[in-house]
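A.B. asks: Take this structure first; my questions come after.
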Amino acid sequence: MAEGGAADLDTQRSDIATLLKTSLRKGDTWYLVDSRWFKQWKKYVGFDSWDKYQMGDQNVYPGPIDNSGLLKDGDAQSLKEHLIDELDYILLPTEGWNKLVSWYTLMEGQEPIARKVVEQGMFVKHCKVEVYLTELKLCENGNMNNVVTRRFSKADTIDTIEKEIRKIFNIPDEKEARLWNKYMSNTFEPLNKPDSTIQDAGLYQGQVLVIEQKNEDGTWPRGPSTPKSPGASNFSTLPKISPSSLSNNYNNINNRNVKNSNYCLPSYTAYKNYDYSEPGRNNEQPGLCGLSNLGNTCFMNSAIQCLSNTPPLTEYFLNDKYQEELNFDNPLGMRGEIAKSYAELIKQMWSGKFSYVTPRAFKTQVGRFAPQFSGYQQQDCQELLAFLLDGLHEDLNRIRKKPYIQLKDADGRPDKVVAEEAWENHLKRNDSIIVDIFHGLFKSTLVCPECAKISVTFDPFCYLTLPLPMKKERSLEVYLVRMDPLAKPMQYKVIVPKIGNILDLCTALSALSGVPADKMIVTDIYNHRFHRIFAVDENLSSIMERDDIYVFEININRAEDTEHVVIPVCLREKFRHSSYTHHTGSSLFGQPFLMAIPRNNTEDKLYNLLLLRMCRYVKMSTETEETDGHLRCCEDQNINGNGPNGLHEEGSPSEMETDEPDDESSQDQELPSENENSQSEDSVGGDNDSENGLCTEETCKGQLTGHKKRLFTFQFNNLGNNDINYIKDDTSHIRFDDRQLRLDERSFLALDWDPDLKKRYFDENAAEDFEKHESVEYKPPKRPFVKLKDCIELFTTKEKLGAEDPWYCPNCKEHQQATKKLDLWSLPPVLVVHLKRFSYSRYMRDKLDTLVDFPISDLDMSEFLINPNAGPCRYNLIAVSNHYGGMGGGHYTAFAKNKDDGKWYYFDDSSVSTASEDQIVSKAAYVLFYQRQDTFSGTGFFPLDRETKGASAATGIPLESDEDSNDNDNDLENENCMHTN
């Protein structure tokens, strides 16, 4: 506990639980706490009602707040990349942080990780703790090689940055200067709005800012500050010029003026003025235009390239059809801003004038309406696609006033009737180019396990999220600590079931090591203490990849052996707070360990058992050292006997002694010599350990003489009696005598070492040493690939709903874990397939790198359609979004087929290169875009007929008015697949 004393556990639990519910307010400061430390604290205070069995147990005492796991090595302030809220860290408001620090202190040498709450979004306000600050590179105009890096909040202003730069380069306030935003090798943009924030200015991670000082003659080194287009301000992203005039006047755009200085031209006009767009080579192929990375925005670039190469959607925008369908009044839309911004970007990309453009205006508009995308952190490409398709749909929804629709269950009606009804109801509220191109219909069947009630509904979809066959196993690296005190820990790699338990881990380790599974105890060691001691029935999902798992061999059956008890042991180094005070403290070091010892024992025997347990890394003295009063080892010690730790229990094992002055905890204590034990026949010796001063079978001999000080004292905790204090030592050390000591399952020992003795006799390198088993080098064979159709079949497989996601049965009037089955009823002209590579759980995150074999052409989906009237439904691939790397990071690119020349190209941010079909199918494929073959005409796109845009997803034929339905019955074709041409 903190030196000044901590609040009782109930108060701690109540206070922090309340403060965790604090609402975010712009400008407030919150603090990051490593989730591992926080979980340990939750155990200690019994935070969760189901996890109170260790409440107050010093075995789980968290100690000082330790955020080292969040920081890059060697950097006290830089966070590791791709940390995830609640999985890697917990956010606490200032008051909560101050309370925890007052109770537990902060680890020495660490600084608080404080972050501000910023407000994101323009129309949809959203407060968020800015965990990752924006790193900017600062330099002077006259010396751009001297770059200084600083981190700023998105809420910091340009004025704040300028003051910091002036401070760094010793530029006086009275000296006139101006800031420039530097792009690439020789591209500059003035930052002339001091009140604008970093977010408003669109500054991104790693951006280079240059400060320029005015010459003595009143001129500027970089020339006049007025840009070629006086209206091309650099911060605002709201276009003043109409979209049509911009798209029709690319060549004259630099000559335009903006009357209202608060607004400016769209992003690409400013880029052209300042070379943000690379001029295309002569007759650049339309559509072969890269997108600059604004700082971790490759996810957005990949999504845009896939949509840009979706012919029906791009033709719609290039032909300005969107302008007559903009819906400015839709409360679910974005006032047409997303559609307009996207349209201008597409026109620029397909103008044939640029080899790449910078989509900053579009990025800013997206961030205004979807704050989760407003920063410059890596995001999920599919999540952006979902937002963008929905945003474009609502901005272009032809329905101006959505009617209320009462949803109905099938109630035994034919599927065709129910499907028709569902699609008609959908079109009454949702009618847009996005619906025309991307929306399909699937059938959902739920069956109640109690009353057998069957519920059938038909629901529209915009894309298919297909599960990948999951790996049923995972590999874990663990360390096995043998009973033999001379044996080094051995590292193993075990293959265990993903949904298995701790017993499965023990069984797998037993097969490799020969140690019986029932003689193992599995632990998680963190920060020199036991973070967790697992029960055999606990789920393996609670073990994360970064956990240090130690398995201890114990030669007793804990369920049957009533004579022994397993106790945790931790090592602590004592220190004094100052030379003039007697107040002492301690800090943990080394690896803790478990020991099985007799319940009824004497304290001196316990001391000797502990000493022998550490003999591999506790140095022995030579005869010369002995004469000087240094340590020596007792004789006749059984190293590998018949005790629960490989020790003989009847005698007193080795004693160590020094001539150091005794302290008050062990004054005048002397242990009698006990030499009646003989060496065991199966003793294990070391390899030249005696030459290195380490305790071995041969060196561990001798007897105690005189009044000597032991290597360490130890404190004993039996929950409910005296506590073991982490910071401030208790003076009531156990005295080393023969009085009986009764131990139980809640016993805990802390061994306190004097710093001088620890330095002299404790070999930390030997203590940390371990060996590797050959299994560590084993790489599990990976399944070569799965077919896309396997994923579709898995999507349509019947499953049981989870306990956390039950279905409300209208018949039982209760939530039930029903069985659910999805079936495809109809498919759209463009089918978007999302391969679900990322998986999340409470304890772990994972990316599946399974190779999915998908066809480039002739994907026949008819076998998966349950509509009995379904005809052929074949698709060709037109685009792929790729993700390289792991969870929370990596890089996105795209393959796409150009609609004009029919060739494949590879889009990697601003770079565009040719590609071949054999490159497209890879483990990186994440989102697939397929276009139905009947919507193509040659290499181009056969445009959608606006008059037949309402093709029924139920029958695949155009919807008719009531007046015409009877006359046209004979002309209808029984087709599926939402044919719209």
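The chain as shown is numbered from 1 upward.
Just so you know, glycine gets a Cβ as well, placed from its N, Cα and C.
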A.B. asks: Where does Swiss-Prot put phosphoserine, among Ser678, Ser965?
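C.D. replies: The candidate carrying the phosphoserine note in Swiss-Prot is Ser965.
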A.B. asks: Quickly, which of Ser654, Ser690, Ser961 does Swiss-Prot have down as phosphoserine? Just give the residue.
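C.D. replies: Ser961, according to Swiss-Prot.
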A.B. asks: Which residue from Thr584, Thr602, Thr622, Thr819 is recorded in Swiss-Prot as phosphothreonine?
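C.D. replies: Matching Thr584, Thr602, Thr622, Thr819 against Swiss-Prot annotations yields Thr602.
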A.B. asks: I need the least crowded one of these recorded positions (Cys298, Thr602), counting other C-beta atoms within 10 angstroms of each C-beta.
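C.D. replies: Selected from the recorded positions Cys298, Thr602 on minimum Cβ neighbours within 10 Å: Thr602.
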A.B. asks: Round to a whole number and give the Cα-to-Cα distance in Å for the pair Thr602 (phosphothreonine) and Cys298 (active site, nucleophile).
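C.D. replies: Distance between the two Cα atoms comes out at 67 Å.
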A.B. asks: Whole-number answer please: how many Å between the C-alpha atoms of Cys298 (active site, nucleophile) and His891 (active site, proton acceptor)?
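C.D. replies: Cys298 (active site, nucleophile) to His891 (active site, proton acceptor), Cα-Cα distance: 6 Å.
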A.B. asks: In which DSSP state, out of helix, strand and coil, do we find Cys298 (active site, nucleophile)?
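C.D. replies: The residue in question, Cys298 (active site, nucleophile), is helix (DSSP, three-state).
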A.B. asks: Would you report the average pLDDT that the model assigns to the domain 'USP' (289-933)?
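C.D. replies: Residues in the domain 'USP' (289-933) carry a mean pLDDT of 77 in this prediction.
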A.B. asks: Under 8 Å Cβ-Cβ from His891 (active site, proton acceptor), six or more apart in the same chain: what's there?
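C.D. replies: Those within reach of His891 (active site, proton acceptor), by Cβ under 8 Å and sequence separation of 6 or more, are Cys298, His883, Tyr884, Gly885.
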A.B. asks: If you run the three-state DSSP split on His891 (active site, proton acceptor), which class comes out?
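C.D. replies: SS state of His891 (active site, proton acceptor) = strand.
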